[in-house]
Amino acid sequence: TRSLEKETGTQSDTERFWTTDSLTGFHYQINSQSALTWHQARKSCQQQNAELLSITEIQEQTYLREITKNMDSALWIGLNSLNFNGGWQWMGSSPLRYLNWAPGSPIPAPGKLCAMLNPRRASKWENQACNQKHGYICKRGNSTSESLNTPSDHLGPIKCPDGWLPYAGHCYMIHREPKVWKEALTSCKKQDGNLASMHNIAENSFIVSQLGYKPTEDLWIGLNALKIQMYFEWSDGTPVTYIKWLRGQPSYAKRQEDCVVMKGQDGYWAANVCEKKLGYICKRTPLPQAPREVEIIDPGCQRGWKRHGFHCYLVGHTFVTFSEANKTCERSNGYLATVEDRNEQAYLISLIGLRPEKYFWIGLSDVEEQGTFKWTDGEAVLFTHWNSAMPGGKSGCVAMGTGIAAGLWDVLSCENTAKFLCKQWAEGVTHPLIPLTTLAPTCPEGWDSSNFISSCFKVKGNQKKSWFEAEDFCREIGGHLITINRKEVKHLIWQMVLYRICHFIYLSDYKVTDDGWVIYEDKQYYFSTENVHMEKAWDICKKKFADLAVIDSESERKFLWRYVRARHIDSKISQYACALGLGQISWFILSWALYSKMSHFPPQCYKIFGSSEAERLTWHAARNTCIKLGGILASIHNEQVQAFLTFHLKDVMAETWIGLNDINEEGRYLWTDGSLFDYAKWARNFPFRDSYIRVDWKFITQEVNRTNMTKPPHANIFIVFFFFPKTTDPDLFHSPAIPASDIIHYGNSSYSIIRSKMNWEEARNNCKEKSLELASILDYYSALFLWLYMLQFGEPAWIGLNSNVTDGYYKWTDNRRIKYSNWARGEPKQKIACVYLDLDGTWKTASCDENYFSVCKQSDVIAPTDPPQLPGKCPKSRNPLSWIPFRGHCYFFNAHSTSWAETSTECTRLGATLVSIEDLAESKFLADIIEPHKGETSGFWTGIYRNVDGLWLWLDKTAVDFVNWNKGQPSSNQFEYCVEMSASSGYWNTIPCSSQKGSICKKPKMIEAQPSENLIIKKAPAHSTVWILIILVLILVGAGLTAYFLFRKKRQNKLQTDASFNNVLLEHRDTVTGESDTKDSVDKKDQNEHTVI
């Protein structure tokens, strides 16, 4: 018998709110009046140091049926199928060895992945969607599961019969001759063994990875429910402490699946009919042997290393940090272990899973680039096995867990200490060669591919599903929901959302002929993704007895546009459409990303007309003039031609006609030479309704302030280009500005392209040997010049940026600050110091050990010298804008826009204040830093403000003895109490404190304690010592008097301030007095810095 203890009025929480089973000691809390989702219910239990109910014994089910029999509503329990790789499981690691499903359950419907106990159906179990709200049952008490760790004496060497493999004190063998379950059991017993029992993930992983197990076979193991139906036991009588059910298992639909097999890639288990003939796994005790140490050396491995496949592995015996572990492995000609697939993961679990240590380092970390995990040996990350909530937002190094969490990966601080796993190629193993040519993999019909992802993908935007339903759907068609493991994949998904889901069109609404023509209204259309010229497209359509499509109506245009978007993810694909039954022929490009790149210029000559006012013409007149000269108004089809023309227009101060227009049809732009409109570089707010397009020489780098172009066409400069004869082969860079020699000149600088590959340090040293320096790029036109020149070599090149040699922030190695920048998207990357000029003209960071071409430079302009830095150090930089040193202070820049009050609070959190500016040099330093970020914010907050008396004060109490107001500033507007520094000019403007601007924080450098030195003391004459003492006393007395008078003066001048500064500043309530901007400066400047700059 057992009692139901539920007392009230005692001090014990367990006695007051929990029901206790006196036989087992488990406590149960039944919350029948609650209404929570499954996840909320679980969290509620965990907050009480408990877990949602698990039921592992028949007696426990009987007990719970008794205490819930009078309840009317179903209650959540801990049973779930939320692990998509596995089957049903209890939360809290209890094995699912007893089943009590209600008839018809579990329902195999998507999303019904959580179970509840239903008192109205004899307390049997049902599965429902986890987001439904019900009551729940919590369970608390000591688990009866035995420890996972095997005694250390079982980890030593043992002796097994021939053909059997040892592991953790037992011997194992796979037999593949088919037998029914009972015959398999008899066979194992004849060999002094039993069908295999497994008691932890390490033992299961050993069988999967080392026993010769094949994922394609089903093998009997010892788990069965033959004695008591739906109650699984091991045939060898050992306790059931671990079960690994396959997805959808245990299946007991026919009530005949009483025996269990191991099957599938990861060695999961499934219930099966016992009369089926299958192979089987036997397990037995080892043979007796004399007590002696037997050292086993695996072939091809060093002493102490273990062989698996083509590699050897070592379990480190000392607790070390991540970097120390890596160095230890390298000293043995190895590296911290990588995990390439599930099989290797299983092997490593078998190697360390039973050990008492909690963690072992493996070679994965994001120390090089935060948020992007990489193997220390440079291998690609092809497999992961994260623990729950990992890696999340954590940054650090990865360790593999043991025990119940054996094999799961956690992110730890790299300075933690743990044991480690080393890996190396086995001796005599030939490294697999990378094939020189491989067949391009193809995707099944209906699936798409991309250069950014190695898998095939399919977008289903025409119906909504829950996450669980979506995953089940993907599995049914042979896939999974997409995995995002690279930034490029994230961008691809964004394109998919933008072009497939937001603008989805139901293609099934259109009828399609047997030969692939789409029927719309009274016409048929054939869509092709083949990339061809207009003439070829025309020819293809003609062969299909059709013509290129002509759009006769807005509805037809929308049909074509939407159909292309719905069918094709890749935004760079251009399509053409053939149409049947059309009376005229016209070309129309169907592309929503008008952009393509070419590796070289077409063979054309360009000439700019209109340098004098008299030569400038209207667009029509310019076009006619070009034709008379044997040319045509210029068309631009790629970034290189755009850059080439922009470079040659650098001295032209007027807008310039090109051949793009929409004269024939408004909104449909065409080049006058009939070429494809396959590239565009519109300025902001363009195009607008005008029939002609002009190119402004400066619109690439800054926004254009255009006049109203709805007036009659203006007279402007224009560009004409001529085709080369086919017999000529013009030099692409035939220009006086770019000679063919190794040294090229531009402006006041000379450049040399080093065409041999070397790392960044070698490249810089090579430049210095030539009395040059790695190139700095100081303006937009220098960047264009270098990029155009570099294109002919087809290789990226190092330039003079390396934050490792410039105090953690980016500054040109020739001592010039960055005033112009052209970073690629996502750059510069944190913790990657060296910068190269890529073939797309952008700047990118790379490991300094990479090998690239390099650009050396010599300039006639003397580089500015930095003011002397005062002693002290700044906090460690997290990015190129954090804690930049200047003289005696450190500066933190943030282009993210916030209000003045928020910015001031953030600076205080950093131990700093909003910046004060004491002189012209400091102002220029700040302006140089913020100017490249004017595209992110128009200005940056400073620490100067106006109090209610109209006085300008610095937040850090610095004397206001330097100002740099913009024209017309400071404003007298009563609501403009705060001041920004303009990102484009460096001048100051008064604005409302609620405006959103970037920020600059400032704080003094940290003075490092100087290490004590061993002083050599020589005995001085007595009279010398006396004089020294007298001098020291006089100095101390003088210093004391000076301090006293300064203190008196400061007290007399000290102004009272209100305790709530923000209320005064933002709400203007109390009067605050402060230091006047007319206060004499203690330190007079060498120049008059009160002048408005």
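Residue numbering: from 1, along the chain as shown.
Note that Cβ sites are derived from N, Cα and C of the backbone, with glycine treated the same way.
Per TrEMBL, the features are as follows:
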type     : residues  : note
DOMAIN   : 23-139    : domain 'C-type lectin'
DOMAIN   : 167-283   : domain 'C-type lectin'
DOMAIN   : 308-423   : domain 'C-type lectin'
DOMAIN   : 601-698   : domain 'C-type lectin'
DOMAIN   : 746-857   : domain 'C-type lectin'
DOMAIN   : 886-1002  : domain 'C-type lectin'
TRANSMEM : 1026-1047 : transmembrane segment
REGION   : 1072-1093 : region 'Disordered'
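When the domain 'C-type lectin' (886-1002) is classified with DSSP, helix, strand and coil residues number 24 helix, 40 strand, 53 coil. Put simply, of 167-283, 746-857, 886-1002, the stretch with the most CB pairs closer than 8 A to the domain 'C-type lectin' (23-139) is 167-283.
Mean model confidence of the domain 'C-type lectin' (886-1002) amounts to 88 (pLDDT, 0 to 100 scale). Assigned with DSSP, the residues of the domain 'C-type lectin' (23-139) fall into helix, strand and coil as follows: 23 helix, 39 strand, 55 coil. Helix, strand and coil content of the domain 'C-type lectin' (746-857), in residues and according to DSSP, is 24 helix, 35 strand, 53 coil.
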